[in-house]
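Data block below; observations after.
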Amino acid sequence: MNASQVAGEEAPQSGHSVKVVLVGDGGCGKTSLMMVFAKGAFPESYSPTVFERYNATLQMKGKPVHLQIWDTAGQDDYDRLRPLFYPDANVLLLCFDVTNPNSFDNVSNRWYPEVTHFCKGVPIIVVGCKIDLRKDKVLVNNLRKKRLEPVTYHRGHDMARSVGAVAYLECSARLHDNVEAVFQEAAEVALSSRRHNFWRRITQNCCLAT
């Protein structure tokens, strides 16, 4: 995987181009996921994202796929600005922190309704982040005091199915675990959806012509 930071630069024109938009609560791990994939470095300090974009290139079947990865702000203050970054999205990554049940609930209660309103028909992948913290004793004990527990893989998978997501994946940006697989899946889903829509339009046009 070859990645390059975007500082206003455009993705190369050769090969396929895919726009990936990350959505989720502030602090859920989506920025770290993007930065580890695009730059190979985990950010040790948390700085709330406004809006960021990175370019990265994947090789799929020997051909380059250029990803435009948009990281959106999850804070309420940016509710009016966030929809400006949805147009032309090819795939949406709805992210949550597996150690934060509230961010998990917000995928179905907040983020799914928002993206389906602004991005009708765009495929969704649900991503559980920070899986390395599932076994953090201090964090788990703090959750137990509130009668809570980390979100399990099966709960994440079931929720993803309930919102009609095409896939559910988990990752740890800190450990670089499954990070590339998330974006590989995003690229494959986006390109598959694009091919499906192309042939559907061709079929519809043929039917209209007969």
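Glycine is no exception: its Cβ is also placed from the backbone N, Cα and C atoms.
Copied over from Swiss-Prot:
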- 24-31, 71-75, 129-132: GTP binding site (BINDING)
- 46-54: motif 'Effector region' (MOTIF)
- CYS207: cysteine methyl ester (MOD_RES)
- CYS207: S-geranylgeranyl cysteine (LIPID)
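Shown in sequence order, LEU22, VAL23, GLY24, THR49, ASP71, GLY74, LEU93, CYS95, VAL127, CYS129 are the residues of the chain, 6+ apart in sequence, with a C-beta less than 8 angstroms from the C-beta of LYS30 (GTP binding site).
Note: the motif 'Effector region' (46-54) comprises 0 helix, 4 strand, 5 coil (DSSP; helix = H, G, I, strand = E, B).
Of the listed binding-site residues, namely GLY24, GLY27, the sparsest Cβ surroundings within 10 Å are found at GLY27. It is THR72 that, of the binding-site residues THR72, GLN75, has its Cβ surrounded by the most other Cβ atoms within 10 Å.
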